[in-house]
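Under the heading active site, nucleophile, Swiss-Prot lists SER41. The active site annotation in Swiss-Prot covers ASP333, HIS336 and rests on similarity to another entry. Annotated N-linked glycosylation site per Swiss-Prot: ASN103, ASN325, in sequence order. Residues or ranges marked as signal peptide in Swiss-Prot (evidence: sequence analysis): 1-28.
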Amino acid sequence: MSTSKTIVFGLFVATLLVSCNVAANATTQPLFPAILIFGDSTVDTGNNNYHSQTIFKAKHLPYGVDLPGHEANGRYSNGKVISDVIASKLNIKELVPPFLQPNISHQDIVTGVSFASAGAGYDDRSSLSSKAIPVSQQPSMFKNYIARLKGIVGDKKAMEIINNALVVISAGPNDFILNFYDIPTRRLEYPTIHGYQEFILKRLDGFVRELYSLGCRNIVVGGLPPMGCLPIQMTAKMRNILRFCVEQENKDSVLYNQKLVKKLPEIQASLPGSNFLYANVYDPLMDMIQNPSKYGFKETKKGCCGTGYLETTFMCNPLTKTCPNHSDHLFWDSIHPSEAAYNYIGNFVDAQIRGWIKA
């Protein structure tokens, strides 16, 4: 090969390598600088492990059995929870650490954490028995986080990260299950589901406004799942050996979600520079329930842990048997989805977020 041809070939290879490198960087570039998580057990990645007052902890097997190292670290699933899945799909990080975790790294502070607490809800009453950290108290942790972030990157950069971070909120089922359906203490004050839904939406409104005042701008709010299809609710309302979804509770979920869809644009219009997205988790879950074979599920009416009818938190423990194939169950315990289900839900929410960014 002549010298001139060698030079041309070398330039071609160099250009190709640079192009491939740019393309790779483009695909792995995080869509947000950080992810900040608030809510309940669906997004609690271990805060309750370090919250001594609560009885709701998932720091024992079989929780976490399919995580690297087979380590139970506070996630209410056999593996990742939805907050991890979303963070991974958006190229932010593989696992979202809990804020209360001791010795959390500077890098994890900078790229985001979870403030969620299993057992929490928008209604503080939801945490009375479990002593979980209510959603209303999670901004206190967030304020401590902001102070730590400023100490790492400085005031200006910290606020830039928070302004551009993706905020994900997942809460609500505990409020209705613990206060209205199974333990109807709130029915004395709110006789109809409509009244209690309005109360919860008002609490949500105040919560997101507080986050906005602290610098959050990109806020994703999860709707309710089909609550009547949670195994524990099917058990609570079971009248014979056959198990069916509780249709009224599903209808209530749909009604609440419709109200939330209407509410979020109203909040956004009143908060300059804010961007709100309703995350639809109802439809993907219902599709999995109605068309299980499409997703590789063989069981959708009970969890993988124990009988699958009641077991959750301390009732799902190292002495409890689990199903042989974890990925063919929609639910891991009587309330929480399996990692396989969270992955499918995550795909759906990821598509929503990407469409939202482009809009």
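Yeah, the Cβs are placed from backbone N, Cα and C, and that goes for glycine too.
Small disclaimer: the values here were computed from a predicted structure and weren't measured.
Overlay of Swiss-Prot annotations on the structure.
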| residue | record | DSSP class |
| --- | --- | --- |
| SER41 | active site, nucleophile | coil |
| ASN103 | N-linked glycosylation site | coil |
| ASN325 | N-linked glycosylation site | coil |
| ASP333 | active site | coil |
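A straight line from the CA of the residue listed as 'active site, nucleophile' to the CA of HIS336 (active site) spans 8 Å. All protein chains included, ASN103 (N-linked glycosylation site) registers 4 other Cβ atoms within 10 Å of its own Cβ. Packing around ASP333 (active site) is summarised by its Cβ count: 31 other Cβ atoms lie within 10 angstroms of its Cβ, all protein chains included. Each residue contributes its Cα atom, and for ASN325 (N-linked glycosylation site) and ASP333 (active site) these two points are 14 Å apart.
Cα of ASN103 (N-linked glycosylation site) to Cα of HIS336 (active site): a distance of 28 Å.
Take the CB of HIS336 (active site) and look out to 10 A: across all protein chains shown you find 28 other CB atoms.
Compared over the recorded positions SER41, ASN325, the count of CB atoms lying within 10 A of a residue's CB peaks at SER41.
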